[in-house]
């Protein structure tokens, strides 16, 4: 590689432009850190003539992937084109040509991470994807390096900025879900078709990647159970507040007895939980390790510059590995075979809101039902809804198994006194009030 | 080194015992990560016969430093004995004998870090000290690896658990400083002689280390200006709360125009600042980078297991470097020559609480005084103190230079209407209320 490292880019959207700017602006620091020049040599684009907000020599632009993937001078390929199949093909191609790859493509890494990792290893190439989870937060490094000697038990993440923005607006300003979503769309925090964000799919991708690294196993995207935020009502948010909780979309991954649980679901989080004060479009990942206890990494989850920073930091790591001659060894083979927890093995506290007939003895019947299943209550609220001659009952349970909780929901449905189960949510932490 | 790495310990207090337990408990994971056994071979102690809460073969214990520092089989020395001079001598000795060193000794690293780093580099040895700052939080890695491609502008830290515990108790429970300190001492969060914590010296050590790595320059402990928490009153805490701030002991380091400012001082932090909800004995470090924007690393700042985790993670990094044959290159030479900011170059918002004569025109005279210095007000509170025929005035200024602010304080003292300047504090962030 001589005293120059050459980089090829696949894609030149906002993130790609950000990477080019960062590398240009930091030449001095990069040279100091690495003792070598770092230059972008060619960039794959769809349309060479398109107007761009970054100053790139047009002779660097190409519409032919081979100009990036087959150029023997190019050492590192940065994939910022997005999409799945084409990106996958190009990356596999890059590895076959002994090029290292850095990507921000969470969809691709979530779906095909293990395959790409394997191809990298075979070709002694580096494959880094810090930017794919929580943009500017160096969480993958935190897990693989910083906590390498700990046994991680639990990872909880607010890993989708769009949903966190919407929930913050609902919570702090009392906006309805629809109004908050519309506002997020107007501000560019949510896309015209917000499905992937609001239904939790984007968060699920990040949790699959996090769980893989935290627990050293091949977690598939399908292993992640997902519930989105589109059914959350202001009523439940207000009750959460009253009970000392905040509603957040939480990615949850837990590993014990060599068994794994990964899911994404709206969760009532005790207000004293470190994640509870992560607001607006910010992301944070909370990690619980046997030895270290509670840690949290907080920062911007998206944005072209934070993402470009994560990519450039990965590029710096790759160059260091190249200089040291140790590429292809940064992530380890999965250590554990994946085994998912059954519903009997998953435990949680739950919030349930019921509409019941407003008559004598209703609460004691409901209470007996939970009792029979050995589920005890932590909090109870009961309010009459006079206009409709019914009452609203809210309970927060102590810890119970998920199958047990589902059994309770089932029996509630068959109880004559229960008009409707309005909602139920998982609860995390102990509220102080 | 064969397929076994041997470790020598200097010291066997709670942290040393924790390291031994962690290495034993994680043999399986360590072997998987590193492909090599990791064994503690000998431990320097003062008294071999002392009762200990960790199961160590007594034949491993020694009172002769040479058994650790001169044993050719020992690859890595972990220094957890504390103190300055003896630890420094042993570590220099270890480097001279080509042993890598991991330490948790913030006092030593703050005072002699550059010298030790230089000795390590000369001998191609690794020198890691993640545990010296914010215990279990992998913040040094976050700065040197995760944000390596960014230009860090500002580091703010709650890096002392004792003072954060005391301030949290004062703030949330209305305890006075003395009562909160006593409680912290009873719970073991504060030492019998709490000077080093409450006067900010411990935090200053950590800020010197952080500033060195964040800004790539040799920062000395003497460069850190320090004010402790022992003069904080409940009155000022209550006013802070009323104005939308929380009082925290903040380590502040800022670098622009190649000029540095580092200090530790009680600061009124806007409640919406990520650091404002870091409570009890927890630590957090907030980093602002040009590209990434705001990030924060949160976790336990002390405790034997979190500290032992950081040490063991460092040991894992050293072993990886050994396996790759690249020890001695982890931290870089300082890039910038140190240049400290003058008071004219340091800017901040300030809170001032005055007792003034309760007579007509006082406020307008004070206001004119600030006006002449071009300092404008962001918030003003005025309350009569009827019993004593005086009034209390609180102002929060907009941003101004420190020399300008000091000039204002000086002039206030000479103003006839001002009875006393009760207190003043730096203010960070914009309160919402």
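Placed from the backbone N, Cα and C atoms, the Cβ positions cover glycine too.
Predicted automatically and left uncurated, TrEMBL annotations should be read as such.
Database features, via TrEMBL:
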type     : residues                                       : note
BINDING  : A:10, A:11, A:12, A:13, A:14, A:15, A:16, A:17 : NADP(+) binding site
BINDING  : A:106                                          : NADPH binding site
BINDING  : A:191                                          : L-homoserine binding site
ACT_SITE : A:206                                          : active site, proton donor
DOMAIN   : A:351-426                                      : domain 'ACT'
**OP:** Starting from the NADP(+) site formed by A:10, A:11, A:12, A:13, A:14, A:15, A:16, A:17, give every other residue of that chain whose CB sits within 8 Å of the mean position of their CB atoms, in sequence order.
**Re:** A:9, A:18, A:19, A:80, A:81
Subject >> Three-state composition of the domain 'ACT' (A:351-426), taking helix and strand from DSSP >> reply: 27 helix, 35 strand, 14 coil
Subject >> Alpha-carbon distance [residue A:16 (NADP(+) binding site); the residue listed as 'NADPH binding site'] in Å >> reply: 15
Subject >> Inter-residue Cα distance where the pair is residue A:191 (L-homoserine binding site) and residue A:13 (NADP(+) binding site), in Å >> reply: 16
**OP:** Looking only at C-alpha atoms, tell me how far residue A:10 (NADP(+) binding site) is from residue A:206 (active site, proton donor), rounded to the nearest Å.
**Re:** 22
Subject >> residue A:206 (active site, proton donor) and residue A:11 (NADP(+) binding site), Cα-Cα, nearest whole angstrom >> reply: 22
Subject >> Distance from the residue listed as 'L-homoserine binding site' back to residue A:14 (NADP(+) binding site), taken between C-alpha atoms, in Å >> reply: 16
Original post:
How big is the Cα-to-Cα gap, in Å, between residue A:12 (NADP(+) binding site) and the residue listed as 'active site, proton donor'?
Top reply: 23
Subject >> Neighbour count (Cβ, 10 Å) for residue A:17 (NADP(+) binding site) >> reply: 21
Subject >> Average model confidence [pLDDT] within the domain 'ACT' (A:351-426) >> reply: 92
**OP:** Would you count the other C-beta atoms found within 10 angstroms of the C-beta of residue A:12 (NADP(+) binding site) for me?
**Re:** 24
